[in-house]
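As annotated by TrEMBL, domain 'NADH:quinone oxidoreductase/Mrp antiporter transmembrane' applies to A:138-430. Annotated transmembrane segment per TrEMBL: A:6-25, A:32-52, A:87-109, A:121-137, A:143-162, A:174-194, A:214-236, A:257-280, A:315-334, A:346-364, A:376-397, A:409-438 (among others), in sequence order.
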Amino acid sequence: MNHMLSLLIFSPLVGIIALSFLSWKNERAIKLAGLFGTVLPLILVLIAAAGFHSSASGLQMTEQANWISYTLEGINGSMELKINYELGITGLSLVLLILTAVVAVLAALASWNMRNASKSYFIFFLILELGMLGVFASQNLFLFFIFFEITLIPMFFLIGRWGYADREKAAFSFLIYNGIGSAILLIVFVALFMKTGTMNYGELAKTLASPAGASAGSTFRLSVLVSLLIAFGIKLPIFPLHTWMLRVHVQAPPPIVMLHSGILLKIGAYGLFTFGMGFFPEEFKSLGVLIAILGVINLLYGAFLAIVQTDLKKVLAYSSVSHMGIVLIGLAAMNEAGVKGAIFQLVSHGLISALLFFLIGVLYERSGSSDIQDFGGLAAAMPVTAGVLLAGGLASLGLPGMSGFISEFLAFVGLFQTMPIIAAVGAVGIILTAVYILRAVLAVTFGPKKEAHSAFKDLTVLEKVPAFVLLALVLLIGVYPEILSKSLTTVLDTILLGLRG
Amino acid sequence: MDLQTLTSMNWGIMAPEFTVLGTALLLSLLDLFMPREKSRRILGILSAAGIVLALAFLFLQFSHEPASLFHDMYRLDSFSKAFKLILLLGTGLILVLAYDYKMDREEEYRGEFYYLLLTALLGGLIMASSADMITLFIGLELLSLSSYVMAGMRKRDKESNEASFKYVVTGGISTAITLFGMSYIFGLTGETNLYSIGNALRDMSILQNQFLIAFAFIITFAGLTFKIASAPFHMWAPDVYQGSPLPVTAFLSVVSKTAGFALILRFFLLVFNSAPGIKGDPLLFQVQPYLAFLAGATMIAGNLVALRQRNVKRLFAYSSIAQAGYILVPFVSVSAMLFETTWFYLLAYLFMNIGAFAVIQEVTAHSKTHDISGFAGLYRRSPWLAVAMTIFILSLAGIPATAGFIGKFGIFMNALGASQGHYVLAGILVGTTVISYFYYFNIIAQMFFRPEHQEGRLQHKKGLLLVTAVCAAATVILGILPGTALHFFYEQFQLTDFFQTMEQK
């Protein structure tokens, strides 16, 4: 039995331990240790990817160990309620693990210029990465929940200590909203555990599909699914539950927003996909229209509000809301194209939003502002920055040849097959996306040149790495989508089999 | 009963109690004859030695067959062993807090402090091991009376006096109510032994008195909620916690509460396990909605009012009320996992709460204020203390990788695993837990986000540091490897002997 996944998940601990032995005065060593701490998981995840068979179906690299067991003394003898330590990956989790490791390294690089990035900053950063890696590799609801919550605490600290002016309020609103989400999840998980006696994904899906699982009652199944939708809807976020996420995007330090918008939001979609669709395909189908409508609302609402924002961070925050709508649209279509589009959108948005927030961090670092009106004519002073920003914007609005196009296209193809009217309404959002992205990006890069900007340095070598790596990945997926879909085929087949019933 | 039967009895099974009693007597004599100006700290070391000895006896008893004295008046069974372990551990840790506690002008009374702590513990031990109404009540009173005096330990301090007075008055009332309820039970059955009462209530002739039985249940339960500080008798807690010396506050919120839960579980499960309810259903199921209401009200009241507290001790008083509400949930749902989950939560609660109180004692002794702002900038002044406090708070808030989460998970399994899941109660539990994030994380925000008011690093007391370290380690270990404690529980304690009466031969 190999322990590849355990090694991977807990590899950030190496960095944490190294950091805790460093003196807080040695800033350079701390930053190096922090960066090294994120590189190690990246190496491990690449090794894992090399050993992954994309054609084989089912779980790979599984690990299992006994962990906790409760003995139930009943009238007919005792029975055991077991919670095991179970890990394993599918193609989807692998893709998300790679995304996590890549964005984490780049975010650590982006933290290089933060003046107040201290020892504890990187320790929290690495705990956060540990939690995110764990979420995607768990094969057990209990473990999933633990890692899910582990991401909560370091985020609270990272926002509350290293954020901007209104950071504490943002930290608390993050904590409470996500706390409510986790609370709902916990009830759902324990209820499922008590009904089925297992927390393993595979066994749960089997039990729930069997006649015994159906006897749990259709109200129970539907209410569980709706609870999951609300819990992960907070994380994603779905329209009325999104306010916390705006505050986080505006107040948190840019490298953390890269992680948050790039990875943490994806956990919501991952959860909906794995638990919602995977465990309750029938009920998910019956909620399809509702989810599609929610998706379209997200898409249009985010886009409309992004048009009127004057703060770049807010434009991107609303654009995230809007883009997560596309994920919902893809999932709601429940056919191959739609679901594939949704997953592509997860990866694509993860990369693009990380790139754009990184650039905002760069701009903020130089000018101390992220207001659109404070910029203009940046192309003259910082040509490389302006160029990457424009490219990132174009990717975000779905220009063919970039990753954003593939995902939007697939998601809408999927939805047009099943719900053409809703899809037609949603398509308006694509136009709006072009409007708000171009408005923001053009106002920053072109227009009359501002005097104050002439002193700004263009991207340094250190800053070029995250910018170009992310852009390259966006282009790679856009030009050669097969690289992603190869490892997703078996996951899609399994889930679609469930949907067909 | 002549002298021969008295000497032939197996007194050895009471060894932990005798040790505690002996130590308390010895200490009070020593205190009496010691020169006035001599420091009483040596007594603290002696009492700690007594508790360690009692713990050693308890460990030796783990392999002991279940046994009893005086027709189950005193029982050595798995239940009593499991709870006595928590009581002794808790008191041991609190003794260290007391040893490092600054008494200022009341230094001369330090001796009393130690042996009152021991007599209170003795009361708790008896509550955990007895299955007879009379001895249970004696244990309860011994614990209460000792606590009343301890609350007023700082004789020249107004708040401490207020605490003691309020505690006596509300305690007296609730004791009266408990006795009132017990008198009904005795009147209905003519027995004081819990097993005999349980049998008598199974009798069909009792059915005509079903209303009286339900009445007795509710009244007794209401009276006993005083000890665990849950609704309806929880209002004493904030004032008493605030006024009492800090180690006493820790004792009230952990040891006294655990003893209260031991008594409640033993008493109600034995007496009413097959009592008929009003028309058909067993009584234990019929009262569930009422108990659930009380547990829910406790959680809501505790957590909501805690939001507005600035005084740390008051805040922890409300937090401890809320926790009592959580721990009541398994009792309310009477599921098969009742004992292990309650025991585990109490164990987790012991470490996280005493640990938190140790940090509070350290911080307040330094900042001279109980206001929450005393924690501001703690991370800069003493990083490890801040990290430890964070662990305790995360655990109290039920965040994974801490003991508190596993405890709460167990409570959820009880609430949702019962034949008809208590979804509303579980909903209130998680809802109030999220509310509790506000005040728990506010302390974290103070420690990490705010600038310090006072310069310089904290000077640590060794004892407090030891308690903090032990509690933090235990909280994390129980959170990551809860299997160790659960395995220990299943290995050592076969709770099947809980319902078996042991007649004296």
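Using N, Cα and C of the backbone, Cβ positions are placed for all residues, glycine too.
Whatever TrEMBL says is automated annotation, not expert-curated.
Using the rule of three or more Cβ pairs under 8 Å, pairs at least 6 apart in sequence, the transmembrane segment (A:6-25) is not in contact with the transmembrane segment (A:346-364). Recorded stretches compared: A:121-137, A:346-364, A:409-438; the one with the most Cβ pairs under 8 Å to the transmembrane segment (A:32-52) is A:121-137. Taking every listed stretch (A:174-194, A:257-280, A:376-397, A:409-438) in turn, the largest tally of C-beta pairs under 8 A with the transmembrane segment (A:315-334) is reached by A:409-438. Long-range contacts of the transmembrane segment (A:174-194) within the same chain, counting only residues at least 6 positions beyond its ends with a Cβ under 8 Å from a Cβ of the stretch, are 81, 141-142, 145, 148-149, 152, 155-156, 159, 204, 220, 224, 227-228, 230-235, 241, 243-244, 247-248, 279. For the transmembrane segment (A:257-280), the list of distant contacts is 92-93, 96, 99-100, 103-104, 106-107, 110, 125, 128-129, 132, 135-136, 141, 144, 148, 151, 155, 192, 201, 204-205, 208, 221, 224-225, 228-229, 231-237, 245, 248-249, 313, 316, 320, 324, 327, 331, 334, 339, 342-343, 346, 349-351, 353-354, 357-358, 361, 495, 498-499: same-chain residues at least six beyond its ends, Cβ to Cβ under 8 Å.
Through the fold, the transmembrane segment (A:121-137) approaches residues 5, 8-10, 12-13, 15-16, 19-20, 30-31, 33-34, 37-38, 41, 45, 87-89, 93, 96-97, 100-101, 104, 107-108, 111, 114, 143-144, 146-151, 153-155, 157-158, 161-162, 255-256, 259, 263-264, 267, 270 of its own chain, all at least 6 residues removed from its boundaries and within a Cβ separation under 8 Å.
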